[in-house]
Structures are given as structure tokens and as C-alpha cells.
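Engineer: Take a look at this one; I'll ask things after.
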Amino acid sequence: MTMQDKEPSAPACRVIVITSGKGGVGKTTATANLGMCIARLGYRVALIDADIGLRNLDLLLGLENRVVYTAMEVIEGQCRLEQALIRDKRWKNLSMLAMSKNRQRYNMTRKNMMMIVDSIKERGYQYILIDCPAGIDAGFVNAIAPADEAILVTTPEITAIRDADRVAGLLEANDFYNVRLVANRVRPEMIQQNDMMSVDDVQGMIGVPLLGAIPEDKNVIISTNRGEPLVCQKTITLAGVAFEEAARRLVGLPSPSDSAPSRGWFAAIRRLWS
């Protein structure tokens, strides 16, 4: 049995919204890479691109040419959910659902969003990650409606941190008690020169537990242009290892960097946290 055939048991489907408030901080990149990592650990994962009319998740996964039907067509009765869920060819236990086609605007309601997620749950998926639209308008409210947990993505920049802190407050107001932080595009050399806030500083300002710290890495741009998640590249990268570490923490598995020696990849990841 291969790893992609093996499916660890999970007590219930976990629905996690990945949000940021501010656009351009790497939220969709985090969704694609965390989702791929969880699938590679053997779980059944569905990724939902909830950005109506401005989807990008399919590009990062290399699935843009396979989007024929979307969630809106499922809701309107034009196709079945199985037709809209696109199964990844690399890992069969990973699927993606686009909410709409680009340049199409629909009125996605909370009720419709809940219905779609409930239907995916019924098909045996163990993790559903929702890529939330940027901003805090109706798209945000609808995207968080079916979720039980949230991952807040930010960068160590004061504008992004302020927006992330605002979103953290909105999540708390909507009864989210399991919220974790991903600090993205961390640059250790700038932190050492006091030109960038440390990950500990970012976490302290926002006040939610830290799930992972992802270093700035040019390979993220390369992988995006190739339509392949960074964690699928043959070359090991520090950012890729950091995403894998965050995914292991998310599913409750031991993290190698937590007990890493003073040298090596995992030690480098651990140093990002401080």
C-alpha cells in the first residue's frame, strides 16, 4: 500500500478556513502547500477556493485547465459535486473545488456555503481547507461560516499585522476559539539587523498560537509559475520544510524541529521562530 492510498483515521472532518484580511501575504500559497502536505500524510483533503470571480488556487496546483464545473453550478443543479471536485493526479486523496469561474460574479450565501461543505463532508473527506477571500466583507463572512477552525496568515509588516489582528478579533466575535498563526515571508537576516519584527513579536502582537513560520524563498515564485506546490519539488527548500512542519503540527503529529539538533534543516526552521 502506498502512502497516497493509506488514509489515517480521524475522529471527524475538520473544516479550516485560511484567512488573512490583507491580500498578497501568501494565503493561497499556504492553502495549496498545507493541503498538499496533509494529503501526503495520507489524509483525504478537499481544498475550496472561496474567492468568487478571482480564483487562483487552481493555478498554484496546476489544475486550471481541468476546471469545467464549479460550486455555483452544483448549487444551481447543473452538475453533481463529483463533477466539480477536481482530483489531483499526483495525490489522489487531494481534491480542489472552485466556487466560480473567473470573471463570473455570483451571490454566494452562507447557506449555500454550508451546503457545499456538508456535501463534501458526506463524501469522507477528513480535512477541508477553505481559501478565504481577502478583506472582511460578505465574502469573508460566508467563507468562515462552515468552518470550525482558522489559520491566520500574515507577514512581518505592520500593515499586514494590523489587518491580521483585526481579523483575529472578527474570528473571536464569530466564536472561533481554535485560531492559529502562520508567519509568512520571514527574513532572518532582516530580523538580526532589527529591520523586521521577529516571529515571536508578530505572534505576541496578534495574540494567537503560532502554527508555523515560513521563510522568504524565491522557490515559491518558481513553483507558482510552474503550477506545482513548493512541497512537491524534488529539491528540498527551507520554505518547503517549514510548510511540512506546519502541516504535521496541524494534524497533531510530532514536529522534528521541536527536538532538532543545533544544525541542519529542522534547526534552521526552529531558529525562524525567535
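Keep in mind that glycine also has a Cβ here, set from the backbone N, Cα and C atoms.
From Swiss-Prot, for reference:
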BINDING   K22, G23, G24, V25, G26, K27, T28, T29  ATP binding site
Engineer: Within 8 Å of the Cβ centre of K22, G23, G24, V25, G26, K27, T28, T29, which other residues of the chain have their Cβ, at the recorded ATP site?
Structural biologist: S20, A30, A134, V153, N184
Engineer: Fewest other CB within 10 angstroms, which one of the binding-site residues G24, V25, T28?
Structural biologist: G24
Engineer: Within a 10 Å radius around the Cβ, which one of these binding-site residues has the most neighbouring Cβ atoms: G23, G26?
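Structural biologist: Compared across G23, G26, the most Cβ atoms within 10 Å surround G26.
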Engineer: Based on Cβ atoms within 10 Å, give me the single least packed residue among the binding-site residues K22, K27.
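Structural biologist: Each of the binding-site residues K22, K27 was scored; lowest Cβ tally within 10 Å is K22.
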Engineer: For T29 (ATP binding site), which of the three DSSP-derived states applies: helix, strand, or coil?
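Structural biologist: Helix, per DSSP.
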Engineer: Helix, strand or coil: which one is G23 (ATP binding site) in, per DSSP?
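Structural biologist: In three-state terms, G23 (ATP binding site) counts as coil.
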Engineer: For T29 (ATP binding site), just count the other CB atoms lying within 10 A of its CB, please.
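Structural biologist: T29 (ATP binding site) is surrounded by 25 other Cβ atoms within 10 Å.
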